[in-house]
Structure formats: structure tokens, C-alpha cells
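What Swiss-Prot records for Asn93, Asn141, Asn164, Asn199, Asn288, Asn373, Asn393, Asn528, Asn581, Asn597, Asn610, Asn629 (among others) is N-linked glycosylation site. Feature annotation from Swiss-Prot assigns repeat 'LRR 8' to 239-261; the stated evidence is sequence analysis. Residues annotated as repeat 'LRR 12' in Swiss-Prot, with sequence analysis given as evidence: 335-359. Here Swiss-Prot flags 360-383 as repeat 'LRR 13'. The repeat 'LRR 18' feature in Swiss-Prot is assigned to 481-505. The repeat 'LRR 21' annotation in Swiss-Prot covers 599-622, and the record cites sequence analysis as its basis. Here Swiss-Prot flags 1-26 as signal peptide.
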Amino acid sequence: MIRSLSYCFLTIYFFLSILPLPNTIACPTRLLCRSDQRDALLEVQKELHVPTTTWNKNVDCCSWDGVTCDAILGELVLSRCKLQGEIPSSIGNLSHLTYLDLSNNQLVGEVPASIGNLNQLESMRLWDNDLKGNIPTSFANLTKLSELYLFGNQFTGGDTVLANLTSLSIIDLSLNYFKSSISADLSGLHNLERFSVYNNSFSGPFPLSLLMIPSLVHIDLSQNHFEGPIDFRNTFSLSRLRVLYVGFNNLDGLIPESISKLVNLEYLDVSHNNFGGQVPRSISKVVNLTSVDLSYNKLEGQVPDFVWRSSKLDYVDLSYNSFNCFAKSVEVIDGASLTMLNLGSNSVDGPFPKWICKVKDLYALDLSNNHFNGSIPQCLKYSTYFHTLNLRNNSLSGVLPNLFIKDSQLRSLDVSSNNLVGKLPKSLINCERIEFLNVKGNKIMDTFPFWLGSLPYLKVLMLGSNAFYGPVYNPSAYLGFPSIRIIDISNNNFVGSLPQDYFANWLEMSLVWSGSDIPQFKYMGNVNFSTYDSIDLVYKGVETDFDRIFEGFNAIDFSGNRFSGHIPGSIGLLSELRLLNLSGNAFTGNIPPSLANITNLESLDLSRNNLSGEIPISLGKLSFLSNTNFSYNHLEGLIPQSTQFATQNCSSFLGNLGLYGFREICGESHHVPVPTTSQQPEEPLSESEDQLLNWIAAAIAFGPGMFCGLVIGHIFTS
């Protein structure tokens, strides 16, 4: 019976010989620990700091915590035990081991050559450590090895030794630093089922010998530097292959017609290569395909018809190619199971493809960055499972129709950069789960949609560059937007003033991420379908496309409208705001000192308003503030002399005649305005200074008077 340790998963089975007893003794025998196995265990414990206190050489090791004596098995499992240091050479003394698992530890250095003594070993798992160097040549002795997991280390070579281990069924060398080409003939690995080397630096031609192994089920060569064409003509034996991943390489040429020989293929990824020409019609014969990724290549011509003629196909990504049209007649088969279609960033033109309405289970559709024209069809309302709809940057016209039925599943809608007119459809209120709404860059004429404020999950609202008009504050309307993180209403015709508490309810922008909640490398969108939300904003003075939006990014852009009155002091509550652009309005009054509370602010643009007073010195303490623009206001006083302000562009302060302190920012050669008397602070004079000034004034007056008197007297006497 295995006794589990409280601080790590530790199981050890050893092949231990049992002392022979006379045949006349009928009572059961007790398994005894062999001394050489016990000593080898103690050596491993000493060098790897195995976390157990019950291993005592004076006690039979069969009773140690985590040790079970078995007459046929020999297993050592020390996974996730926080082991440190190098694998000791003494591990080679455990000669009867059949299973070795040292994964998920902090092991360093090279694998000792003595590991080749474990000639009974069938499974080796060393993944997720910091092991480096070459795979030892002594691995050639591991003729019974069936499973080899070395992924997540720093190995650089020695992989050729594996070509002779004919018992191998699994080889996983992923996430290492292997650099060579796979030149060894692997066709002799007739038991191999899984071969994975993704995220290394392997180079050279595609290893065709892999395709001669009839037992292969899974091949992953992605994220390497393989180059040249790929051909399946001699792969008559690959009838079992289900997974082929070769994305993120330098493969080129045509996708071969011989791909039809992979009759059981289910997952195909050739993305991020240099394949050109048309997709072969023969791919439609691979009837078991469920996921196809051909994105980021140079494919052209007609969109392949297997997209809508397969009953098993679930995921298709054809984005970032040069496809330009659909077939003249598209007939969607009954039972089409497509849930995700990405045709973004191609050159497809013509009207919106209405056949898409017949794909009832469609979950995510991306037709962005093409040349589609005409109106958005009403029939899309019957696609009840829509989660993501991206029609960005086309030439679509007409109104945005009322597509959104009650209990809609829609999470993301992007129709930006088209020619849509009319008003926002009120049916959007049915999209209670929507997080992302982008209608920027159209010709929509409507008032501010206060009614969207009740949507509980709306994070991004992009209304910029349309013809919206009127106030954005209504005391009788609930402003809401409890989850808003990014709002862009720039370049419209909004007017009026904002109350001081206008931003008080935008709680998500004041949320401070802490500990494990920090969304590192997490982006807005659907990760499962690789459909990420994207926006364009003026960021640090430059029009910037955000292909992916970091979850922690918060922005407000109210620029290019006709807002008046004071900037609300409640803006200072939004401590996690990264971008604030209020330029091109008619705001008056002082810059609110509460801006200094926005500790993560990176970009601040208050230019082209009617602001007055001084730039708050406290803004100089914002350590992330890398871009500011205060130009063309009525500001005065000393520019804050902090490091953050000293690195700003000189043009950020132009058009403010009352500002001074430019020398540190603009250099000696720049004209430095001299503060006028009104700009200098007045100090009360002491009594002695006051008397002195009186005497100076009297003397100044007395001199000219005396001179004039002498001249006049001389005239009269003469």
C-alpha cells in the first residue's frame, strides 16, 4: 500500500529480489529490501533533497514512506517535489527501474551518462526542469524505452541517438533549444505514435522519413525553422495520422494534392508559412477534418468549398491570405457543423455572403479587412449561437439591422470602418452578455446611447468618428456602464458639460489588480477560437492599431467634440486609467489636481481647450506618464520640473503664453518666454525697504526738478 506524503506526490516501486526459502515452508514470506537498492535510494535522497524523514537505513526500506516492494515493477515517481540540483549519477544504480518520473522540479545541469544503465526503463519523464546540454549517447542502451518526455528544458542536441530506439511510441522534445536539422532516418521507429518537437530551433527540410512510419498518430513540428516544400506522395502508410501541426515555420511551395492520402486526419495546421497557390480540391477528400488552420500564408484564388461541404468540420481559419472570391454557387450541406470561420484580412469582394445564414451553429465569424459591400442581411438574426461577429473595415452600407434577439449569446460585435448609416439598433439591449461593441468610423447619426449603460458586462464601447450628437449626460437617465474599461466617443458632435461626479460609477477603471488576479498576457476576445478584439486609438499622440487588447488596458477618448465647463474632478478616481484624451473641446477652468491620483496614466492629452491656471506640480510624480500634450490653452506658470516632464516634446506646451520654464525641455536654443510681472509672486516689503524705496523715488523726482529750475533761472537772468 502506497503512503502519500503531504508535501509532494511520491511513489516508489522497486523490483526487489525475494530470498528463496525451502519448499517445505508453507507460511507466507515477507519482502525484504535489497541493500544495494536501499543504498541507491539513500544516495538519491541525499543529492536531490527528497522531502521525507522516514527513510532510515536501519529500517527495511519496504516500510519507508512512499516505497512499496513489488516483484515485477520498478517505479520511481518524484514529480512536483521541489527537487533541486543535478540528477545524481547514482541513479544509474537503480538498474531494475521501469518507470522514472522527475518532472516539474528544479533540476539543473546535464543528464548523467549513467542513466543509460537503466536498461529495463520503459518510461522516462523529465519535463519542466532546467536540464541542459545534449541527450546522452548512453540512451542507446535504453532499448525498452517506450515513452520519452523531455519537454520544457534547455536541451540543445543529441537527438540523433533516438533514431535507434525502436520501442519508442512517444517522443516529446518540445520547448527546448534543439538547433540541428532532423537528418537521421526515423523510419525505423515502427512503434512511434506521437512525435512532438514544437518550439525549438530545428531547421532544414521537412523530415520526410517521419511520413514513412505507419503507426504515427500525432506530428507536431510547429514553431521551428523547417523550410522547403512538403509532399505526401510516398505516405501510403500514414492511414492512422490524426494530427499534423507544422505552423510557424518557413515551409513553401504548394499544399500538395497528395494531402488526400491522410484519410483519417482530423487536425491540420500549416499556418504562418509561405505556402502559395490555391488550396487543392483534394483536401475535400479528407472527410474527417474537424479543424483547419491555413492562416498567414500566400494562398490565393477561390475560397475552398470544403468549408461549407463538410459535416465534421468545426474550425476554419483562412485569414491573412489573398483569397478573392467564393464559388458562383455555394450550397451548404445539411448537417454542416462549422462553428468558427475566419476569413479576415483577405481580398474577397462582392456582397455579404448570405449562405452564411444557413450555417446554423456558427459561433464566431470574422470577415474583417476585405472588400465586402452591400447591406448586412437580416437573416443573420437566425444565427442564434453567434458569440463573435467581426465585419470591420469593409464597404458595407445601409443600416445596422435589428439582428439581436432576446437572450442573444453575442459577446463581441465589430462593424467599424464601414459606411453604415441610421441609428444604433435598440435590439442591442438584448445582448446582455456583450463585452465589446465597436461601430467607430461609420456615418451613424444618433444621440448618446444611455440605454447601453445597463449592459452589465460591456467593457469596450467605440462610437468615435460618426455623427452622434447631443449631451452625454442626462440627469434623468442612468449612466451606468459598470464594467466599462475603454470608451471612445471622439470626433462626433457631442456637447454640454459634465457634472463633477460623472466618472464616479466607472468602477472597473479604478480596480487595482493584485496577486494572482493580475491578467498577465491575457487579452480581450475568445482565446479558444483565436478571435481577439481589436481597436484603434490615438495613443501617445499617434493613431495606433491594437490588434489585441490587454485586459488591464483602460482608456477614455472624448476628443474632437464640443464639451464645455470644467473637467470633472471624479476623473481622479480612475486610478487604473492608462490613456486620457480630452483634446479638441471647449473645457474651461483649471486642470484638476485629482489627475495625480491616476497612478498608471501613460498618455494625457488636454490640448486645444480653454483651460487656465497652472499645470499641477503633482502630475510630475506620475512615473508612467510618458506622453503629455497641454498645447493651445491659456495655461500659465512654471512647467513642472520633473523627470517625466523633462522628457516631453517641446510642442506639448505651445500656445500657452503664460507658461515658462522651457529651457530644461526645449534646450538653450529655443526661445524662452520671460515671466511678466503679473507672473511673479508678490511679497510684502519690510518697513526699511519701503522707506528706502520712498527715498529713491524722491531722489529720482528731485534730480530732474532741480535741473529744470537751474535752466529756467539762467534764462530769466540772461
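Here, residue 1 is simply the first one shown, and the rest follow in order.
Glycine is treated like the rest: Cβ placed from N, Cα and C.
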Largest tally of Cβ atoms lying within 10 Å of a Cβ, found at which of the glycosylation sites Asn164, Asn199: Asn199
DSSP helix/strand/coil residue counts for the repeat 'LRR 8' (239-261): 5 helix, 8 strand, 10 coil
Separation of alpha carbons, Asn199 (N-linked glycosylation site) and Asn288 (N-linked glycosylation site) (Å): 27
DSSP three-state assignment (helix, strand or coil) for Asn629 (N-linked glycosylation site): strand
Candidate nearest Asn373 (N-linked glycosylation site) in space, where candidates are the glycosylation sites Asn93, Asn141, Asn199, Asn581, Asn629 and distance is Cα-Cα: Asn581
Nearest-integer angstrom distance between the alpha carbons (Cα) of Asn141 (N-linked glycosylation site) and Asn164 (N-linked glycosylation site): 10
Among Asn393, Asn581, Asn610, which are recorded as glycosylation sites, the nearest neighbour of Asn629 (N-linked glycosylation site) by Cα: Asn581
For Asn581 (N-linked glycosylation site), the number of other Cβ atoms found within 10 Å of its own Cβ: 23
Rounded inter-Cα distance in Å - Asn393 (N-linked glycosylation site), Asn93 (N-linked glycosylation site): 66
Cα-proximity to Asn164 (N-linked glycosylation site), 10 Å cut-off, over glycosylation sites Asn93, Asn199, Asn581, Asn597, Asn610: none
Secondary structure at Asn597 (N-linked glycosylation site), reduced by DSSP to three states: helix
Where Asn141 (N-linked glycosylation site) falls in three-state DSSP terms: helix
